[in-house]
Amino acid sequence: MFIIEIFISIIYGIIEGITEWLPISSTGHLILIQDFIQFKNQSPAFMEMFNVVIQLGAILAVVVIYFDKLNPFKPGKSARQVQKTWQLWAKVVVAALPAAVIGLFLDDWFEAHFYNLVSVSVMLIVYGAAFIYLERREHEEPAVTDLASLPYKTALQIGLFQILALFPGTSRSGATIVGGLLNGVSRSVVTEFTFYLGIPIMFGASGWKILKFIKNGNGLGFGQIFLLLVAMGVAFGVSLVVIRFLTDYVKKHDFTIFGKYRIGLGGVLLVYAAIKALMG
């Protein structure tokens with residue numbers, strides 16, 4: 001029944017809205033839930049496209065929350081504020097380019113070789129351990145404590161870490177946050193920059209998946225479009241809450257809890273993968 005597929009879209013939207021921004025891997029959660037909750041009447045090609053395109057709902061939440069800061073044409077902005085906005089966009093572009101270029105050519109290869117329970121589990125655990133290590137080591141005061149002072153070189157270094165997010169289970173936000181922490185960027189600054197960095201990456205990835213879907217001879221029916229819109233709408237609403245939560249959270253807390261969660265989830269996925277293998 002179509003009503004069940006709408007309900008499934010809502011579940012996917014909730015998961016996307018939460019896991020896209022928290023550094024806990026949206027892929028790790030989607031690959032698990034797909035074994036239990038699936039659309040009965042949709043093709044694998046549609047699901048591959050669906051899982052990426054619903055991210056547009058999440059990224060629209062960033063645009064809405066930070067619209068004034070991201071809009072260089074906002075009335076009333078001083079020349080200095082306009083300049084800062086353009087500089088911010090320039091840093092976002094610099095950081096986005098490495099993953100965009102590599103992803104364009106190797107995304108299918110990464111997905112074919114690493115989109116499985118074991119690979120995702122390993123990346124969840126590895127980055128979980130990285131978060132815990134980074135937070136427990138001796139800390140120097142962050143060199144970058146506001147976004148305006150983020151050097152272009154550091155933005156590029158964060159972008160290079162984002163390439164690692166091509167490995168399913170890494171987490172795009174997780175990779176960029178680790179990159180920022182290693183390069184002396186404060187938690188709040190790297191978290192906010194991660195939000196902005198998602199704008200070109202997610203729009204580009206979604207456009208690419210839609211193009212591939214259509215080029216391979218697939219069509220989108222009204223029902224499929226509706227399911228996409230439902231999931232995107234839910235992801236948008238949930239993201240509005242999660243982004244505000246994470247922004248406040250990192251001002252007072254570190255990322256240790258997310259590291260522990262990743263290790264726990266990775267362990268659960270490894271056990272689940274072993275059980276599946278034993279059961280044939």
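For all residues, glycine too, the Cβ spot is worked out from N, Cα and C.
As given in Swiss-Prot:
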type	residues	note
TRANSMEM	2-22	transmembrane segment
TRANSMEM	45-65	transmembrane segment
TRANSMEM	86-106	transmembrane segment
TRANSMEM	114-134	transmembrane segment
TRANSMEM	147-167	transmembrane segment
TRANSMEM	188-208	transmembrane segment
TRANSMEM	223-243	transmembrane segment
TRANSMEM	255-275	transmembrane segment
For the transmembrane segment (188-208), which partner among 147-167, 223-243, 255-275 gives the most CB pairs under 8 Å?
147-167
Need a quick answer: max count of Cβ pairs under 8 Å to the transmembrane segment (45-65), which of 2-22, 86-106, 147-167, 255-275 is it?
2-22
Same-chain residues at least 6 beyond the ends of the transmembrane segment (86-106) with a Cβ under 8 Å from one of its Cβ atoms are 69-70, 72, 147-148, 150, 152, 155-156, 158-160, 162-163, 165-166, 176, 193, 196-197, 199-201, 204-205, 208
What same-chain residues lie close to the transmembrane segment (2-22): Cβ under 8 Å, and 6 or more beyond its ends?
28-30, 33, 37-42, 50-51, 54-55, 57-58, 61, 171-173, 195, 198, 223, 226-228, 230-239, 241-243, 246, 258
Which sequence positions outside the transmembrane segment (255-275), separated from its termini by at least 6 residues, show Cβ-Cβ distances below 8 Å to it?
22-25, 28-29, 31-32, 35, 116-118, 120-125, 127-132, 134-136, 169, 171, 174, 177, 181, 187
